[in-house]
Amino acid sequence: MAVEYFQEKLNKWRYSPVAGSPDEEGGNATVKPKASFVPVYAGLTIISLITVTVSLVHLLSGTGTTTTFPPCKNPAVRREWRSLTSSEKQNFTQAVICLASIPSTWQPNGTIYDDFAILHGGIGSWCHRSASFLPWHRYTLVVFEKALREHCGFTGQVPYWDWTLDWMNLANSSIFNSVDGFGGDGDRTGQEVVGGGRCVIDGPFAGLQPILYNHTYVRHCIARGFRDGDQAGRISGEYYRPESIGGILRKQSYVELVREVEIYLHNPLHQGVNGDFLAMTAANDPLFYVHHAQLDRLWWRWQQESPDLRLKEYHGKHMYNSTGNATLDDILMYGGFAEDIPVSRVMDTKGGFLCYTY
């Protein structure tokens, strides 16, 4: 019964519109798969959802770990996409394409790249609207970066997209360049594929074929459908004004910060890009990683303002369905795809367990 419950939840989940926005009432696109598809009951997200069911049993009993790590000596530096050289950009995009060709070692279908979307659509869905939103995604980026290195010879770090540089016209950002970016909007002359999106036909990721959209097995192209209210082809940048970011970073408590980062910075881009980006399997679109790296960077900036306090500040409810207050001993779960770890290990990006900066 629990698995069916999680399936139903995952199928219905969409990124929540910002309160008071034009999208608040019924603004999320519905799934309209046009490719051939079958239910996923044969084993795809069932694996991750069963993992959630089992893992939730020990969710609230932290390990009480006292493991400490010395500060890293030479932290890697994550950089903004535009600051990378052409060869560095190609190193990243080719590694992503490579990962989408490596058979999964976690489930019988798809690739390791698909595994990340399944992970996010399963366990990751329970980390939204909760304290674990930022630390869970922080470590997911590290695991993704490690996979790119180990399987595909990636030599850099996951870059971030600073959308404040593009807030006046997000859809025209160089991140969507077809030559050295992520490709642009979906083909407006094509048919709708998933999530109100159409196939991306330009850029390095035009050939990717993810296998899942939410809980439905549907091999499809990467789909996007830029929309700002009634205007197709646009993405609202109102929430990405530099002054808006500054206001969020001035929040004094972690509870306030994580809530506003998710609602006002995370969700609007998912709603504006649409397609794959609209669902909990948003990691189908490589844009997911540079978007979340920017969110992680903002958390890092907030922590650096008062490191003695904020490198240990973790409050709220640990996961979406948790009761009680979150603690640093709470576990970030990855269902065997990566090591389950206490939150404390990822609070400091230069704490030894992690070793990077921005």
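Just so you know, glycine gets a Cβ as well, placed from its N, Cα and C.
Annotated features, as they stand in Swiss-Prot:
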{"type": "CARBOHYD", "residues": "Asn28", "note": "N-linked glycosylation site"}
{"type": "TRANSMEM", "residues": "37-57", "note": "transmembrane segment"}
{"type": "CARBOHYD", "residues": "Asn91", "note": "N-linked glycosylation site"}
{"type": "CARBOHYD", "residues": "Asn109", "note": "N-linked glycosylation site"}
{"type": "BINDING", "residues": "His128, His137", "note": "Cu cation A binding site"}
{"type": "CARBOHYD", "residues": "Asn172", "note": "N-linked glycosylation site"}
{"type": "CARBOHYD", "residues": "Asn214", "note": "N-linked glycosylation site"}
{"type": "BINDING", "residues": "His266, His270, His292", "note": "Cu cation B binding site"}
{"type": "CARBOHYD", "residues": "Asn321", "note": "N-linked glycosylation site"}
{"type": "CARBOHYD", "residues": "Asn325", "note": "N-linked glycosylation site"}
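Neighbour counts of Cβ atoms within 10 Å were compared across the glycosylation sites Asn91, Asn109, Asn214, Asn321; the minimum falls on Asn321. For the pair Asn91 (N-linked glycosylation site) and His137 (Cu cation A binding site), the Cα-Cα distance reads 23 Å.
Taken residue by residue with DSSP, Asn214 (N-linked glycosylation site) is part of neither helix nor strand, so it is coil.
For Asn325 (N-linked glycosylation site), the spatially nearest entry among the binding-site residues His128, His270, His292 is His128, judged by CA separation. For the glycosylation sites Asn172, Asn214, Asn321, a Cα to Cα distance of within 10 angstroms from His266 (Cu cation B binding site) holds for none. Cβ packing within 10 Å was compared across the binding-site residues His128, His137, His292, and the lowest neighbour count falls to His128. When the recorded positions Asn109, His128, His137, Asn172 are ranked by how far their Cα is from the Cα of Asn321 (N-linked glycosylation site), His128 comes first. For Asn172 (N-linked glycosylation site), the count of additional Cβ atoms within 10 Å of its Cβ stands at 14 [all protein chains shown]. Reduced to three states, the DSSP call for His128 (Cu cation A binding site) is coil.
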